[in-house]
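Engineer: According to TrEMBL, the region 'Disordered' annotation covers 1-51, 168-187. The compositional bias 'Basic and acidic residues' annotation in TrEMBL covers 24-38. The annotation transmembrane segment is assigned in TrEMBL to 81-108. Annotation source TrEMBL lists domain 'Phospholipid/glycerol acyltransferase' at 189-304.
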Amino acid sequence: MESELKDLNSKPAKPVAEDGSGEPAHDDASGKDDRPLLKPDPAPQVSSEELQELEKKCAAYVRRDAYGTMGRGELTVKEKVLLGLALVTLVPIRVVLAMTILVIYYLICRICTLFSVPNRDEEQEDYAHMGGWRRAVIVQCGRSLSRLMLFILGFYWINETYRIPSDAQPKPTTDCKDESEEEGTERPGAIISNHVSYLDILYHMSSSFPSFVAKRSVAKLPLVGLISKCLGCVYVQRESKSSDFKGVSGVVTERVKEAHQSNSAPPMMLFPEGTTTNGDFLLPFKTGAFLAKAPVLPVILRYPYQRFSPAWDSISGVRHVIFLFCQFVNHIEVTRLPVYYPSQQEKDDPKLYATNVRRLMASEGKMTQSDIGLAEKRVYHAALNGNNSRPSVLHQKDD
């Protein structure tokens, strides 16, 4: 396995583009890239010892719930009975209710955007800067319906903790229960969160209704496309880096600065890890969210579980959704840290800024800092897929 990891560094980087980190990244949950995460090459079978060693190195992506690795573990009789009951009772109800909420919110967005012209700038299109009652309806309904969606999925209550600023912070702010209503001139330009699951997006929508970074094809999806424009998503295309990289990076930085300077601008939500983990680890932060030199609001998400982990780490999307819908109760814990104000040294060095925010979040969230990235995630996924082929990584990890 060590030789395979060495091979990663010797292979040329493929074209990449940005993801929710605000920088070039290769999140397997966001990007128009129809190629598989891993391309198997004929090779000797991976032994169980090698797989165990790989799991130690890629501990941030290892599932440890009752459903086992990739959600394909051997289940107890009790668990099979519970799954069977949920599949015929709970899942149909949740599917119908979830689709109903999606259609209702789409209709609300459609009505509120009638006769309105979206903002267009370098292939970006959104309604996030629309003012008046239309914007108020979109935001309030979006937050309420997102919370209702979480309730339908079994998140009946959300345990939220607000950390009081310490005396060591240069510019402490007043605790606030709404990320989008920070007071004072030093408003955070971006909300920084660890990335555990696609459910992270629903929570942040219910809490502050921020703008996200999304693949460009999302804008063309039925129902979801219009909703993403009302969120003010920044669209990226993963097929090419070239000028698109500079354009999107500039748009993200401008949006962060705008949110910092104007109370009417929507906050920017960024996942600087660039991919999801099992929630116990924190990957290295990319610097895209910190280039604007603006204060940021760190938010830590955890999903405690007894049977099924809502973390989207090494399990397929379809299998994850089915198991999630089958859980009668799901849990989420949120820790909001005080707004982080960068020093002049951090403003001059975005990498230092990102590193210090990451260290703070890892300490407060009791997470282990891991130095691995998406390249290792692809290696681990390939080893899990049948355990009979050596993984060949298609994309390289960003510096």
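Each Cβ is built from the backbone N, Cα and C atoms, and glycine gets one as well.
Just tell me what is around each of these and how deep it sits.
Structural biologist: Proximity of distant same-chain residues to the transmembrane segment (81-108), defined by a Cβ-Cβ separation under 8 Å and at least 6 residues beyond the stretch ends, is recorded for 75, 137-138, 141-142, 145, 148-149, 152-153, 223-224, 226-227, 322-323, 325-328.
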Engineer: In the domain 'Phospholipid/glycerol acyltransferase' (189-304), how many residues does DSSP put in helix, strand and coil?
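Structural biologist: Per-class counts: 45 helix, 23 strand, 48 coil.
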